[in-house]
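Novice: Here it is, the structure in full.
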Amino acid sequence: MKLTNAAVFFILVPTLTPALDPFSTSILTGGAAVAWQLLSPQSWLKCRLLECCNMKDTLNLSVLKMDLDRKVFGQHLAIQIVLRALSANMHSERPRKPLVMSFHGWTGTGKTFVSSIIAENLYQFNIPRRRFVHHFNTVLHFPYLSHVQLYKEQLQNWIRGNVSACPRSLFIFSEMDQMPHGLIDSIMPFLGYHEEIDGVYYGKAIFIFLNNAGGDKVTEIALDYWRSLKRREDIPVKELQSLLSEEIFRNKNSGFFHSQLIEKNLIDYFIPFLPLEYKHVRECVRQELRVQGHPEDEDLIVEIALAMTDYPREERLYSSKGCKTVESRVTLST
């Protein structure tokens, strides 16, 4: 049934219903409404049951901010930059280039968690999220150094094909530290300032890179601030972004080692994820207790948080694993 036929059918329903009993009438009317929703482009029902590309940029930044503030602990700098970056990109009718963000920090500090919150807010229903959010795990998808040339071609084809299908596609690359050198440069043409490439417009796409590389530098700076009796909230964002860019460009254990993406300034934001302090780990434990349906046992929260706060050895200020092992520790302790 074409959309026009569905529309005619929906209009005629009131004229057909007098001859029917109330129950049949409600079924007929409801069925027409469902058909209309399924056949209408961008309808909420079609997007939920089938698949729908987010062409209308319906990302609610206020809701996203609320999610990040409520669920992510100790990352005021990261949240601030992410919201600013997404706001600028979403409010432009036709961005000149894709939004490219690179997250840097120790394991367990929230890089993957923040990227998943962005994905959930960009595509709220599971079916479109599975189709338009693309997650590449370096260890899983690019395991063999001898196949780098093949990976380059596959990656280019995947991005080109999916952005053609949905301009507002989200690409997340995790384990960038394991990325073979030079592989990520294969997507360079898609990240630049182009109106279109072979008829495909990439300006609405979003790319997020997740890195442990640079985490030591972020921790070093945070620790220096603490030892100087300065607040971590006062760490200058611009200075930290510049240091991160230089650090991962020179780091042989980074997928961005001597990368053209950095040389040509195609990464818009280098976003620091600060090491988590005792108070942040406590909040992670508290939240995990809620998730697992346990009461908020303050003694248990303190016990787990203290055990995880282990760096540096003398001060024991930060958790070297962030909140990564909180779930298993809570499970074993309850």
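Keep in mind that glycine also has a Cβ here, set from the backbone N, Cα and C atoms.
Unlike curated entries, TrEMBL annotations are predicted automatically.
Straight from TrEMBL, here's the annotation block:
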| type | residues | note |
| --- | --- | --- |
| BINDING | GLY105, TRP106, THR107, GLY108, THR109, GLY110, LYS111, THR112 | ATP binding site |
| DOMAIN | 276-330 | domain 'Torsin-1A C-terminal' |
| SIGNAL | 1-19 | signal peptide |
Novice: Find the average pLDDT over the domain 'Torsin-1A C-terminal' (276-330) in the predicted model and report it.
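Specialist: Here the mean pLDDT over the domain 'Torsin-1A C-terminal' (276-330) amounts to 96.
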Novice: Between the binding-site residues THR109, THR112, where is the Cβ count within 10 Å the lowest?
Specialist: THR112
Novice: Relative to the mean position of the Cβ atoms of GLY105, TRP106, THR107, GLY108, THR109, GLY110, LYS111, THR112, the recorded ATP site, which additional same-chain residues have Cβ within 8 Å?
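Specialist: Apart from the listed residues, the neighbours are PHE103, PHE113, ASN212, GLY215, PHE273, GLY322, LYS324.
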Novice: Write out the long-range same-chain contacts of THR107 (ATP binding site), meaning residues 6 or more apart in sequence whose Cβ is under 8 Å from its Cβ.
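Specialist: Counting only residues 6 or more apart in sequence, the Cβ neighbours of THR107 (ATP binding site) under 8 Å are ASN212, GLY215, LYS321, GLY322, LYS324.
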Novice: Return the residues near LYS111 (ATP binding site) by Cβ distance under 8 Å, restricted to its own chain and a separation of at least 6 in sequence.
Specialist: PHE103, HIS104, GLY105, LEU210, ASN211, PHE273
Novice: Near GLY110 (ATP binding site), how many other Cβ atoms are within 10 Å of its Cβ?
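Specialist: GLY110 (ATP binding site) is surrounded by 27 other Cβ atoms within 10 Å.
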